[in-house]
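Worksheet: one structure, shown below.
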């Protein structure tokens with residue numbers, strides 16, 4: 001045929017088209033290798049996601065173990081608190097019983113000591129006084145016997161000689177005075193040995209009684225003796241009748257009278273002296289009576305102190321009974337608290353059961369959502385199948401068109417001669433454009449590979465970091481945030497893959513368009529079939545990859561939801577624990593108030609106050625530990641807040657990157673649109689059929705671009721909504737952290753106030769103890785002073801009693817002497833009267 005020889009191979013458009021097809025094949029092969037590498041990376045990503053799912057499961061198990069450990073720790077803390085409370089109550093009971101026993105023992109010992117001392121004192125006093133009374137009685141009996149013998153001798157001798165009788169009477173009087181003085185000395189000695197005022201008064205009464213009896217006996221004997229002497233003197237004067245003898249008797253009587261007058265004057269002076277002394281002694285006795293009254297008032301004061309001590313003892317017993325009642329109240333409160341805790345535990349179990357039911361419902365809803373997504377994927381697969389069938393029909397249509405073109409080739413050869421140069425230039429331009437696009441695509445692919453490698457390294461580093469940082473709720477939150485970030489990255493990867501799928505689809509559409517244009521010029525149907533089959537394979541691979549990425553995204557979203565639920569449950573548990581800590585702090589404040597009241601009531605019991613302070617210190621240490629745990633949880637929440645801020649920044653960066661990608665895509669689409677517009681302008685000179693086809697393809701391309709723009713705007717709206725949700729969650733976390741910080745500050749202030757109150761109570765207890773000890777020392781000093789004063793007053797009283805007794809004896813002696821003087825003066829007056837009458841006669 002002339003067609004085969006019409007042109008050289010260099011000028012043959014078929015060879016050029018074949019070269020372009022070979023280049024397209026190489027490009028398709030490169031794309032296939034790229035897609036295979038992307039599939040391998042997808043497999044690697046799936047494996048890493050599986051590992052991440054296993055790690056998430058292990059992390060969930062660790063979180064569950066941590067939650068169980070926290071619950072067990074809370075139970076142990078409550079158990080320790082109850083044990084400490086029971087121990088404190090038992091210590092209070094023991095201290096109160098010990099105190100009561102000590103008080104009762106002290107009272108019993110004091111009573112026994114007082115009774116023993118009183119019995120000993122009374123026995124000693126009784127024995128001493130009996131000995132003194134016996135000796136005094138014997139002395140008085142001896143004196144009475146001596147006086148009786150003197151009187152009896154005087155009566156016997158008085159009948160013989162009156163002068164001798166008078167001399168003997170004077171001698172007897174002098175001896176009697178001497179004996180009375182000696183008796184005074186003996187009685188003064190005996191009285192000086194008496195011990196108490198009561199016994200001395202009894203002794204004085206007995207002595208006065210005995211002396212009165214003796215004086216009466218002496219008076220009787222003196223009267224009898226005087227009458228006998230008078231009778232003897234009268235008889236002697238009458239019988240003798242001698243003047244000389246009477247004169248001698250008168251002189252002797254006058255001499256004796258003068259001596260008696262002198263003795264009387266001396267005795268009167270002595271009586272005056274004794275009267276003055278008696279007055280001074282009476283004044284001293286009045287002073288002593290005042291001292292005795294003061295002693296009596298002190299005794300009354302001591303009795304009132306004893307009554308006061310008894311009332312204090314009764315008050316202590318009342319306090320002990322109050323402590324017993326308080327112990328019963330504490331037991332009841334403990335039992336009520338235990339019941340309340342049991343009710344709270346039951347309520348918490350019900351809440352857990354409800355939470356499990358809620359999780360089951362959520363699981364069912366997630367399963368339904370997954371089923372819906374599966375149905376959507378199936379529908380999408382069916383749609384892809386329809387598209388594939390449509391493409392097959394289009395292929396058959398194209399084949400028909402190609403056959404028509406071959407038939408019309410000869411007729412169109414002359415027409416295309418002129419267009420060959422133009423097409424050649426257009427093909428060269430398109431080749432350059434494709435080369436540039438391929439280079440750009442290679443660069444983008446290399447960048448994507450580097451980004452994937454960096455992301456894989458970042459995932460490995462984050463995985464290592466997560467393994468080293470799994471400690472507590474805060475690290476769990478941080479791990480969850482990183483999982484969210486990974487999910488976001490996976491979402492971005494999915495979006496990138498979707499973009500790549502869209503790009504590859506667009507590229508496939510472009511290649512198809514180019515193939516359609518080239519099929520008009522060449523008969524290389526086998527190459528076109530191969531390229532179309534490869535494109536279909538790529539489309540199927542991309543579809544499968546999109547499905548896998550969607551499934552991976554769904555599984556990651558489900559894992560993230562479970563982790564979020566676990567974290568929310570842990571946050572609720574932390575809030576409940578904070579509430580329990582606040583209740584415990586309020587309870588501790590009430591206990592501190594009770595302890596302060598007890599310390600005010602029981603200031604004098606240092607041991608009990610010390611034990612109460614120790615118990616309070618242990619309680620405060622426990623509360624300090626609880627406060628440290630709360631602070632630690634606040635620090636963890638702060639870390640979580642920091643991680644949330646970090647995730648927010650990362651999300652903002654992702655949104656910005658996404659916006660940049662969207663802008664890049666828009667610009668790329670604009671460039672593609674411009675290219676297509678240029679191609680359209682270039683191909684306007686072609687046939688009307690090709691122009692119509694290009695218009696249809698351009699409209700389709702515009703529709704695809706509109707759909708892409710709509711999808712991009714939808715993705716952007718979803719990202720913005722997710723960003724708003726994350727912003728709301730961040731604000732909630734920030735507000736929660738502020739509330740917890742305020743609560744922690746309040747708790748710290750309350751604990752500091754409690755510590756200050758404890759220190760103040762301890763200082764008050766120590767000051768009260770010092771005051772109590774000083775008061776005891778002052779009371780002891782007062783008791784010693786009182787005892788010393790009583791001893792001094794007793795000694796003074798004994799001396800005064802001796803002086804009073806001596807004064808009484810002096811008065812008695814003076815009365816006796818005056819009586820004797822009067823009795824002695826009577827016979828002298830009678831005799832003087834007789835002699836005077838005789839003289840007058």
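Note that Cβ sites are derived from N, Cα and C of the backbone, with glycine treated the same way.
Matching 68-98, 161-191 against TrEMBL, the residues noted as region 'Disordered' span 68-98. Of the given residue ranges 258-299, 300-341, 426-467, TrEMBL assigns the label region 'Disordered' to 300-341. Per TrEMBL, the range carrying the annotation coiled coil out of 525-552, 553-580, 805-832 is 525-552. Here the compositional bias 'Basic and acidic residues' (68-91) is broken down by DSSP into helix, strand and coil counts: 24 helix, 0 strand, 0 coil.
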